[in-house]
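Notes follow the structure.
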């Protein structure tokens, strides 16, 4: 299939993590699946996925813990012959306040273990990212406590706003809008 893309959301497995900030990538993928009226239909030991042939995209969530996400991303790229520059990784970003969505074409992991794993397994920093802000004024300064905390009822409106922005950006990406154009619109 010509120019297939991969959109993968990062998160942790298990009901105990489902509503945590660290699972923002999974939340975005779930919302994207809902937009296209599909579910992740296939699974292996590394992840769950669906190939949307009409849109030339694979939507996916790893079945690994965050720190091992790169194993699935590497497998998916090899399985569908997807180049790293056609990969979009969606993940939580503690450096940005909740409600913020930023796109990036390459760069370091900035202490995000899921991104560190993707970089290590793809052997490159040259892949696209959608960074979903999760920082809250009410959260601890201890990294683990912050990312494993749940969104509060007071944060629900900001969460919904950010999910809407993320879906708009990913829909553009899937529809073939260039990353530079998407960054111009969504990073403004």
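Every residue, even glycine, has its Cβ placed from backbone N, Cα and C.
Annotation comment: Swiss-Prot describes 22 as active site, proton acceptor, evidence class sequence analysis. Within 10 Å of the Cβ of residue 22 (active site, proton acceptor) there are 23 other Cβ atoms, across all protein chains.
Sequence annotations record features per position, and here Swiss-Prot assigns tRNA binding site to 17, 65, 67, 113 based on sequence analysis. When secondary structure is read from DSSP and collapsed to three states, residue 17 (tRNA binding site) falls in the helix class.
Here Swiss-Prot flags 12 as site 'Discriminates between blocked and unblocked aminoacyl-tRNA'. The Cβ of residue 12 (site 'Discriminates between blocked and unblocked aminoacyl-tRNA') has 20, 22, 23, 65, 66 as same-chain neighbours under 8 Å, each 6 or more residues away in sequence.
A strand conformation is recorded for residue 92 (site 'Stabilizes the basic form of H active site to accept a proton') in the three-state DSSP classification. Non-local contacts of residue 92 (site 'Stabilizes the basic form of H active site to accept a proton') by the CB criterion (under 8 A, 6+ apart in sequence, same chain) comprise 10, 21, 22, 23, 24, 25, 112, 131, 132, 134, 147. The site 'Stabilizes the basic form of H active site to accept a proton' feature in Swiss-Prot is assigned to 92.
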Remaining residues near the recorded tRNA site, that is with C-beta within 8 Å of the centroid of the site residues 17, 65, 67, 113:
12, 22, 64, 66, 68, 69, 114
Of all the binding-site residues here, 67, 113, which one's CB has the most other CB atoms within 10 A?
113
